[in-house]
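Structure first, commentary second.
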C-alpha cells in the first residue's frame, strides 16, 4: 500500500466500511495507471504528439497563414495588378467645385394682375414689375393709388389707353348724359395731367388745373377728358340752357330693363353671342334695382357691375364687346 493509502487509512480508521472503500479506491488507481501506460505506448508508436502539444502546433499554423496573406496582398499591389485611374479624375484637394454648373428652377411667368372671387367679392392681386429698386417700387405703388383715386371721378372702364414713350395715356370719351356723380370739371373738358404726387386736384366750375408735377420719364401717366361728338339733340338742348348744360334725361325703368334679355357680340366676329339678363348677373331683380337706385348708371355700367358681381368680368371682356344689345 502506498504512503498516501496508509495516511488515508490512519485518518479514516473509524469510518464505517473503511476496508471495503479502501480496496475499491486501490482498484480504481490500478486501472487508471494501466490505461495511461497504454495510451503513452500507442502515441509513441504512431509518432503523433499528445493533445497537450497542440497549442504550439496551432501557433505555427497561424504564423504560416499570416505570411501567406501578406504575400497575396503584395501580389495584388504589384504594378501588373494595379487599377488604372479614370481619365480626367482629380484628387479631392484639386476638385473644381466652382466650375460646376448649378441649375435652378425657373420662376413662374410674371402676370400683371390675378383676379379671383372670395366669398362673393372680387379680389385683384397686382404684381409689381420685376427688378425694381425700393424707390421704383414706391413710385409704382403711388401710381396705382393715384389711379384708384382718379377712378372715383372718371370711368376708367370705358377709357382708351395709348402707349407713349414716357408712360400711358388714358382718354375717356364722355357720353351726352352726365352721371349724378360726375364732377363739375368734366363739363368744361379741361385736360388733366396727374402724377403720383398730385392725386387729388381741385375741381370746380371755374377752377383750372394747377401746374402738373412731372414724374420720372418712365413713370409719367397722362389722363385726358375729351368729349365725344355731340348729337344734334344734345347740341340743341344745351344751346337753350343759359349754362350750356346738357339735357337731363328722366330715370330709366330698371325694373323692366333688368329682366329683358340682352346679347353681346363676340370680338372675333364669328363666335356665338353671349346672352343674359341683368337680374341674372346680380343674382336677383332686387339686387339689380338696389344697385341702379344708388346712382344714375348707364346700361353698360350696370352690365359691368353685374359681370363683376357674378365673377366673370375678366372672362367676358376678352371675348365680347361690352355693349349690351336689346331686341
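Note: Cβ is positioned from N, Cα and C throughout, glycine not excepted.
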Query = Per Swiss-Prot, which of 281-301, 302-322 is region 'Interaction with the Nucleoprotein-RNA and template-binding'?
reply = 302-322
Task = Quick one: sort out which of 137-191, 192-246 is the region 'Disordered' according to Swiss-Prot.
result = 192-246
Remark   = Model confidence over the region 'Interaction with the Nucleoprotein-RNA and template-binding' (302-322), as mean pLDDT, sits at 90
Task = Please work out the number of neighbouring Cβ atoms within 10 Å of the Cβ of residue 15 (phosphotyrosine), leaving out its own Cβ.
result = 12
